[in-house]
Amino acid sequence: MDYFDRHEGGERAILVHLEIRQISDPDDLEEFKLLVDSAGAKQLAVITGSRQKPDAKYFIGSGKAQEIAEQVQALEADIVIFNHSLTPSQERNLETLLQCRVLDRTGLILDIFAQRARTYEGKLQVELAQLNHLATRLVRGWTHLERQKGGIGLRGPGETQLETDRRLLQIRVTQLKARLDKVKQTRAQGRAKRQKSDVLTVSLVGYTNAGKSSLFNRLADENIYAANQLFATLDPTLRRLDWQGVGRVVLVDTVGFVRHLPHELVESFHATLEETLEADLLLHVIDSSSPDMHEQIEAVKSVLAEINSDVPVLNVYNKIDLTGEPAHINYSEPGVPSRVYVSAKADLGMSMLTTAVQQLLTGKLSTFELTLPYDAGNLKNELYRLDVVEQESYDESGHEILTLRLPADKLQQLLGQSNIDPFAVLPKEQAELLIPKLEPFEQELKQEAEQALLSDSNLKEDFADYELEAEPTSLTEQESND
Ligand SMILES: Nc1nc2c(ncn2[C@@H]2O[C@H](COP(=O)(O)OP(=O)(O)OP(=O)(O)O)[C@@H](O)[C@H]2O)c(=O)[nH]1
Ligand SMILES: [Mg+2]
């Protein structure tokens with residue numbers, strides 16, 4: 001969780017985590033603590049307990065509520081954070097009783113997202129979600145509480161406006177929605193542009209705290225690409241790599257997954273992830289030292305399924321320095337890696353990661369020797385712009401030859417745009433790479449068509465003649481008959 005340095009001495013918080021038997025959601029106390037850490041609050045105490053079902057007034061029982069009130073006094077807490085969703089009235093009742101601010105799980109996650117949102121769009125989306133979340137709570141009035149200056153739970157919307165005028169809130173919401181629409185349009189355009197100009201894209205996805213950003217930074221440091229500087233400053237989550245052994249790729253870091261995402265945020269979260277759909281390979285980074293590893297893997301997989309991702313995935317089991325697992329690669333079939341065990345922090349297994357990525361991407365990259373036609377200046381510029389020219393040379397008759405490394409379908413697209421026949425500019429076996437391989441069902445169709453032709457009677461006669469001539473045994477028989 002290295003995105004933000006917290007202001008000194010964050011809020012003094014008491015955490016409340018109950019086992020509710022009617023809600024089966026065990027063992028995410030550890031995750032709750034991580035989230036509270038992320039929000040920058042200081043954990044004074046964790047109060048646990050169990051109940052059959054939530055209490056209507058306080059969520060917890062009144063005895064437990066009293067216990068918390070005493071703790072708030074004794075520990076001088078500023079805030080009590082619940083690992084549950086509270087109704088606005090429960091929150092209000094608790095604040096009155098505890099005489100301090102109360103934040104529920106949704107509010108907590110919204111707060112973290114507010115701190116982390118880096119893009120303009122992300123900020124707008126989080127603010128919108130926060131306003132929607134607050135709107136239901138506005139009725140409470142804040143008079144019974146001391147006014148807070150920039151504590152957690154209230155970042156983003158200005159509190160004074162909110163408490164004085166619901167109408168302002170509505171205006172702000174409308175404004176935000178209009179801006180979001182605009183941003184979405186621009187983003188779609190930007191994405192199309194980037195997609196066109198990039199050769200291969202690899203995206204890091206995974207549960208929060210898995211080590212995506214650590215891996216991103218290590219890969220970026222080890223594979224510095226000269227033109228990185230500008231790129232990095234424009235967008236800290238994108239890096240062009242000259243990945244030794246793999247080639248030029250764009251690496252993308254993404255925001256981490258969290259279970260039980262507040263529904264206000266699901267949409268914006270999906271929107272940011274949809275960009276990963278356009279990647280050529282996903283590295284699913286997994287915290288292999290987490291006791292919740294399997295739940296986290298499942299959570300990530302189900303989100304990927306929801307956004308209909310069919311991009312190939314390599315599972316990267318990170319943090320092996322903590323598990324003692326040796327660095328290695330698992331294969332699902334020969335030549336097709338499915339898992340790599342690494343440590344981004346301790347720098348273990350990075351060469352194996354490279355090997356695995358290389359194996360998964362080599363199918364995509366091929367080398368071509370292109371004889372450049374005289375009038376193909378545009379094509380040449382485009383190839384240089386894409387950075388896929390490895391070498392420039394001349395043949396005996398003075399023709400310019402470019403050695404290229406790029407996906408076959410990309411080259412096909414470029415030649416098509418310039419109306420160039422691949423067979424005119426590439427060696428035959430390379431030009432054949434550009435012709436898409438037939439899918440199995442297409443092969444079946446082709447065979448059927450051939451069968452149909454064969455059963456055509458005229459053709460059959462022709463074919464019979466041909467067979468007679470071609471069949472040496474029948475010829476011998478004929479000869480002997482003569
Ligand atoms: N021991 C150990 N810790 C690691 C390793 N990789 C990352 N970490 C730590 O795990 C924590 C989370 O790492 P990040 O890289 O921020 O994780 P992330 O996946 O980007 O998290 P989000 O951005 O919240 O989704 C940090 O404290 C890292 O130092 C590793 O290989 N071993
Ligand atoms: Mg990160």
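Each residue, glycine too, has its Cβ placed from N, Cα and C.
All TrEMBL annotations are machine predictions without curation.
Sequence annotations record features per position, and here TrEMBL assigns domain 'Hflx-type G' to 200-365. Residues or ranges marked as GTP binding site by TrEMBL: 206-213, 231-235, 253-256, 318-321, 343-345. Here TrEMBL flags 463-482 as region 'Disordered'. The annotation compositional bias 'Polar residues' is assigned in TrEMBL to 473-482.
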Least buried by Cβ count (within 10 Å) of the binding-site residues Asn209, Ser343: Asn209
Where the C-beta lies under 6 angstroms from ligand 2, the matching binding-site residues among Gly206, Asn209, Lys212, Val255, Lys319, Ser343: Lys212
For Val255 (GTP binding site), the number of other Cβ atoms found within 10 Å of its own Cβ: 20
Average model confidence [pLDDT] within the domain 'Hflx-type G' (200-365): 83
Close in space, distant in sequence - Lys319 (GTP binding site), Cβ under 8 Å, 6 or more apart: Gly211, Asp287, Ser288, Ser289, Ser343, Ala344, Lys345
Lys319 (GTP binding site) - helix vs strand vs coil (DSSP): coil
In the chain carrying Gly206 (GTP binding site), residues 6 or more apart in sequence that have Cβ under 8 angstroms from it: Lys212, Gly256, Phe257, His284, Val285, Ile286, Asp287, Gln296, Val300, Val316
DSSP three-state assignment for Val255 (GTP binding site): coil
